[in-house]
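Engineer: Quick one: this structure, given as structure tokens, is what I'll be asking you about.
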Amino acid sequence: MPPDHNLDDYVDAYEHGHRHGGPLRVGLGGPVGSGKTALAAALCRTLGAEYDLAVVTNDIYTTEDADFLRRNAVLPDDRIEAVQTGCCPHTAIRDDITANLDAVELLEARHPGLELVLVESGGDNLTASFSYGLVDVQVFVVDVAGGDKVPRKGGPGVTASDLLVVNKTDLAPLVGADLDVMRRDSAVVRGDKPTLLISLREDPAATEVAEWVRAQVRARQLQQA
Amino acid sequence: MTASLLTLADSRLPAGGHTHSGGVEQAIAAGLVRDPASLAAFLLRRLVTSGAVAAGLAAAACRGRNLPVLDAEADARTPSPALRAASRQQGRGLVRVGRRAWPSPLWDALPAAPHHPVALGVAAAAGGLTPRDAAAAAAYLSVSGPATAAQRLLAMDPLTVAAVTARLAPEIDAVAEDCLSRADGELSADTDPLLDLLAEVHATRGDRFFAS
Amino acid sequence: MRTRVEVVARRGPGGRTVLPVVRGSGQLAVRRTGPSAVHLVATAFGPLGGDDAEIRLVVEEGAVLAVRSVAAAVALPARDGDRPSVQRVLAEVAGELDLRMEPTVVARGAHHRAGLTAELAAGAVLTATEQVLLGRTGEEPGRWTGTTRVVADGRPLVHTTVGLGPGAPAWLPPVAPRAYASTVHVGQAAGVLTAGDAVRLPLDTGWVATAWGAELHTVVRAVEAVA
């Protein structure tokens, strides 16, 4: 490498804070069955009246999640886009985000005033996480039924997500999970990053998660102002 | 050849190719692809039809021929709406990453959401490659994506699939050579009606892993 | 053998079509079989490998032309060498052209190349069919290559080449049909339709339907079902 080599030759000037304008993009990831779609539906119901919002689903096989949202979230069809992930839900949100970017851009073009886009990943495992080229912030959803060891096991979703949601706290006594252990382990592996223990069955509005999302939208709007 | 060709043909280039099966998903559903031999036959028929067309278009676009004209010729060679959409979707994805990877004014002459081979030719030119390179990349990509898709869908031995793809190299080279040796400006129009049919049946399915 | 056919259809007095040019030479004679219809009549066996036929059809604005043939053509191998037989249809249409010839049967060892190039003016109507059978009864298949290019109002509408038979690179088991039929239509739009081994694809102001299989009569029925 010559001494005068300029590293800026390799890196675009807009690499940091690469996206200007547009809605806040929130990734919803997590293992199969943890309640990602239910959370997305809850957020649509709670925030739909406040924000101009849309959803991208990454069903691994069918349009089931998109259909679920249509039925349960009172979200019009033209605010839901489903992408096919080529048997690889993980790739579609992290390694090659093209199909998801297409879907987000389509929604942005269709709804120019869009303020919030939820990108729901296909059910994957604990190593799945979103690329920050696709989303601005990401929520990782696990559930109590998966066992109280999940936070301790870590993985990028649990440790690095901007918000960890532990869903189905109502099932804790039934599955012998200790919520305090989960709370403590989460704090250990996540440092300052927040964790919310919730039950969508007991709180179908997902009040705390919605409040966290509101704060993210405000932060982005401030940043853009 | 320059190393840009390796980047352009790399299946990990984030241009959206991994969500397309090139007809393999429906060919598997129809029982036409089920083992390495039937996969090889499928890849070969795809290579010599849509692969040859893509190679010709990519080489022509790389050479600097009028891009909207080439895009219209791509449309004429792709009457299947599902295949058109798949090609344009992948073209758009390639433009997105290509503009970042190889900044060049050449991109500006492309129509919005161009056919993938046309975008590929521009990417090749922007990356300092030759029409022959562009043709080779197009021909290679016409089989590498479907091969990977078949591997995933059938849980085939990845080594076997890699070997099938690798052994198609002489045929891939022949397709790339052929589009250069054609008379002035003549673009292949070779088509496989089976691929059209598979694509259209696939597009109506609600239960699919791949976009095409 | 060199074959040349030329037919011009023109709008005559009172709007009726007249055919000022009806010419055939070589292996094809042209018969007027209606006020706006001609039949092509083969005057020899074949075509043979190496034969070259060119059929020029001009349908001027306001005119109508129907082109038929009286019997199936049997493409035979060259007496020496392996040159293909060639038939090119070159059509310029501002009116309405209906081109439906009898099937082409390609005998073992023969390679027949069929081409249709149609330049359509705005508002022109075209229907062109192709029916192909590889091999006569009990015979090994021959090889057929068919190219269709339709340009409508200066813009390419469809341009496809289908290769069938031994040696055609995409004619591979398990889908290596002996019979093939295709219809291209410009004038009235229609959407996608699939049925068995038949598919109809939309064109800007028309459609193209294709079917394939083991027997010509079932394939012809299949293409008509989606046409």
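Just so it is clear, glycine is given a Cβ too, placed from its N, Cα and C backbone atoms.
Nobody curates TrEMBL annotations by hand; they come from automatic prediction.
Below are the features listed in TrEMBL for this protein:
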- A:GLY30, A:PRO31, A:VAL32, A:GLY33, A:SER34, A:GLY35, A:LYS36, A:THR37: GTP binding site (BINDING)
- A:26-195: domain 'CobW/HypB/UreG nucleotide-binding' (DOMAIN)
Engineer: Beyond A:GLY30, A:PRO31, A:VAL32, A:GLY33, A:SER34, A:GLY35, A:LYS36, A:THR37, what residues of that chain have CB atoms within 8 A of the centre of the GTP site's CB atoms?
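Structural biologist: Filtered neighbour residues, in order: A:GLY123, A:VAL141, A:VAL142, A:ASP143, A:ASN167.
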Engineer: Which three-state DSSP class does A:VAL32 (GTP binding site) fall into?
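Structural biologist: Note: A:VAL32 (GTP binding site) is coil by DSSP, not helix or strand.
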Engineer: Provide the number of Cβ atoms within 10 Å of the Cβ of A:THR37 (GTP binding site), excluding the reference atom itself.
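Structural biologist: The answer is 23 other Cβ atoms.
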Engineer: Using all protein chains shown, find which of the binding-site residues A:VAL32, A:GLY33, A:LYS36 scores highest when you count other CB atoms within 10 A of its CB.
Structural biologist: A:LYS36
Engineer: Note down the number of other Cβ atoms within 10 Å of the Cβ of A:PRO31 (GTP binding site), including every protein chain shown.
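Structural biologist: Within a 10 Å radius of the Cβ of A:PRO31 (GTP binding site) lie 20 other Cβ atoms.
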Engineer: Whose Cβ, among the binding-site residues A:GLY30, A:SER34, A:GLY35, has more other Cβ atoms within 10 Å than any of the rest?
Structural biologist: A:GLY30
Engineer: I'm checking region-level scores; what's the whole-number mean pLDDT for the domain 'CobW/HypB/UreG nucleotide-binding' (A:26-195)?
Structural biologist: 91
